[in-house]
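J.: Quick one: this structure, given as structure tokens, is what I'll be asking you about.
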Amino acid sequence: MATRPGPLTEWPWQRMGNFKVAKCCYVVAQYLVMAPVVVHGAYRVMNKGWGDIDLAYSLILPSLALRMIHNQIWISLSRYQTARSKHRIVDRDIEFEQVDRERGWDDQIVFNGLLFYVGYLAMPSVRRFPLWRTDGAVATALLHAGPVEFLYYWFHRALHHHFLYSRYHSHHHASIVTEPITSVIHPFGEHIVYFTLFAIPMLSTVYMGNGSALVFVLYIVYIDFMNNMGHCNFELVPKWMFQVFPPLKYLMYTPSFHSLHHTQFRTNYSLFMPFYDYIYSTMDKASDELYESSLKGTEETPDLVHLTHMTNLQSAYHLRVGFASIASKPSDNSEWYMWTLWPLAWLSMVVAWIYGSSAFVVERIKLKKMKMQTWVVPRYNFQYGLTWDRESINDLIEKAILDADVRGVKVLSLGLLNQAKQLNGNGELFRQKYPKLGVRIVDGSGLATGVVLKSIPSDAKQVFLHTGTSKIARAVAMALCGKGIQVIMNRKKEYDMLKSQMPENRASYLKCSSNDITKIWLVERIDDKEQRMAPKGTVFIPISQFPLKKVRKDCTYLSTPAMKIPDTMQNIHSCENWLPRRVMSAWHIAGILHVLEGWSVHECGDDMMDPEKAWSAAIRHGFVPLTKA
């Protein structure tokens, strides 16, 4: 929202969304305005058959879908490149506030589609459009380079006058670090003007009689392409293009050229063609220098790599490089329209399975001077359970570890099932295979144990341990028995195994019983039937990385081991799986602590950092508990 919103700031359907009982009503209201196009088309087909649908009408809805796909490709490409590329232009952070503000990037697509439909009804000559006319294409190009660019330049300069800036354009400039979708985040009133400007070439060719359907579509694609490119925040325009055709620098801007407009505000006003900035002396003097430096780039080695993987099929577009608005929410808070994306989810899974030969970068985070990246193994939860696929998954993890080692990464933390005991023995496989590794492998079990222990009420006298086979379960049981807290188990085999590993003075606090009732349950995997056996008011405390299915409404379910991150941690604008905003899993945080504390040991296999030591380090570095015991 602008600092002092003026008239026509909100989109018309935004008011419709104000009466929603759920957030999805805004999306429904947004796309409901296109209903007349669908109904009209269906009516024509039912009465006169498909032959009554002319070329211009048939392209209205497909062109909208094409634009959305085009924009989403740019969003994913930009987020991928800014996480890994050395050609990043503005090295500052993006936060959730910006993602929320830019959530409605498809508003202008819907608005344009509605206006195209109105234009189709108002101008009968459009219905006789041919597919292509070269003279119309040339006229469109000349009219864009002339009136459109000229009028936009002066309108843009006017928007930077304090009166209009505070009421309208400040909404767009709230994003210092731009993403492709930033290009279309404007108040409704601005979009009316922009559409009027872009309509000049289209309406002119209609009245001159040389308009064509494909030229219209390609002109809109050109506008979207240049808009997205100019706001992508990584330099991708090769230098040879300007060397082969030097006048191109006046006819096409670069991402670095427009980024200066967002950082300096009073320079580089042009739409796509910078020649008016040259004519009126508003070109930023640093434009060429920034282009050169961004194109050259600077290699960056992260201190920490957190290696995770995709979980369910929907997680593909919950990644930071997927859908921005979806990634900014916990994965268990799915939108109502997610079911429509299942075909895409299946396709992405198949492609990842067949062609996913290495982990890829999805996130870049900063904590003061420390640099971190999140890498994703292109595999899903169910694949980790396939015994015949374990070797290939370990190969992917191994490749990521060796890559991190070559690049000089200090610590690599294993997230989710990448550290599964059945897969690689909590990472011990790689330590044994490569004893001279420079990168330290961390499974984060020490801090995870510490978080679980701190989640247990301080006045607890006994707890129920649902399973005792995992590394963390054993450590938690050992620590609780050491404090004189009785640990109850109901599985004799696991009880015997755990008791045999404990000193005698602690083992006395371990009890196997099916009759003792306690309201604190430490659980890893538990089915619905077992949850219903818990007494009313039970507190379920997960000791694994995966959340519990909430079956009981009369019980309390705590989060998986995690902590709130410090305010100084930057560039956090997506959620880590099912965790809330600005909350990070204990396994991820553990890797950060290994770097910050300079711990020079691996934490994998049977080795574990002292839970109290890891917890104290986390608190000291600004991480905050989610619950108070």
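Glycine is no exception: its Cβ is also placed from the backbone N, Cα and C atoms.
Feature annotation from TrEMBL assigns transmembrane segment to 21-43, 55-77, 109-126, 138-155, 192-221, 341-362. Annotation source TrEMBL lists domain 'Fatty acid hydroxylase' at 146-282. Per TrEMBL, the feature domain 'Very-long-chain aldehyde decarbonylase CER1-like C-terminal' maps to 463-625.
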J.: Considering only Cβ pairs under 8 Å, which range in 55-77, 138-155, 192-221, 341-362 makes the most contacts with the transmembrane segment (109-126)?
T.: 55-77
J.: Quick check for me: are there 3+ Cβ pairs below 8 Å between the transmembrane segment (138-155) and the transmembrane segment (55-77), leaving out pairs under 6 residues apart?
T.: no
J.: State the non-local partners of the transmembrane segment (192-221) in its own chain: residues 6+ outside its ends, Cβ under 8 Å from one of its Cβ atoms.
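T.: Same-chain contacts beyond the ends: 8, 55-56, 59, 63, 66-67, 70, 111-112, 115, 123, 125-126, 129-133, 135-137, 139-141, 143-144, 147-148, 151-152, 155, 186.
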J.: If you average pLDDT over the domain 'Fatty acid hydroxylase' (146-282), what do you get?
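T.: Summing pLDDT over the domain 'Fatty acid hydroxylase' (146-282) and dividing by its length gives 97.
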J.: When secondary structure is assigned with DSSP, how many helix, strand and coil residues does the domain 'Fatty acid hydroxylase' (146-282) contain?
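T.: Tallied per class, the domain 'Fatty acid hydroxylase' (146-282) gives 95 helix, 1 strand, 41 coil.
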